[in-house]
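Notes to accompany the following structure.
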Amino acid sequence: MDPQMGLVFMVTLYCAARMGAGIRAILFNIPGTAGAAATPQDGYPMAKQGKRQQALAISFVASALGGLLTTINALPAMPLLARTGSYVHSVEMIVVMLFGVLLIASIAAQGMLKGLVAGFFGLMIGAIGTDVVYATPAAPSGF
């Protein structure tokens, strides 16, 4: 399979999984993904009232329109993002990682120190292993 067809196949699987998560959320009150977390609040009561088909149709149309509009809006920005991504090196990666750790620490419910420790522990766990494509150490900081 050529790469373009593989990419289309992967995107289709992703969209189908996101759309399928709404089915469980509506019929069984169990969201399948984080994106379907709000769906049971409206969909499940509709299903209990006997409006299953209407709730599923609304979910499918909303999912399809959301994906289509997002794709249409994101496509013009892709070349700019690709060019910008080539300028990101190890220093910028470290800044982004430290920003993430500080964000974790600032919203940690049990204190900033525990949030900092948890964030740095997550960075250490993420640096274990090797990159599956290039067989280099997984630490993305350039060390």
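Keep in mind that glycine also has a Cβ here, set from the backbone N, Cα and C atoms.
Unlike curated entries, TrEMBL annotations are predicted automatically.
Annotation source TrEMBL lists domain 'DUF112' at 1-137. Residues or ranges marked as transmembrane segment in TrEMBL: 6-27, 55-75, 87-109, 116-135.
Residue counts for the domain 'DUF112' (1-137) by DSSP state, with H, G and I taken as helix and E and B as strand, are 106 helix, 2 strand, 29 coil.
Summarised as a single figure, the pLDDT of the domain 'DUF112' (1-137) averages 88.
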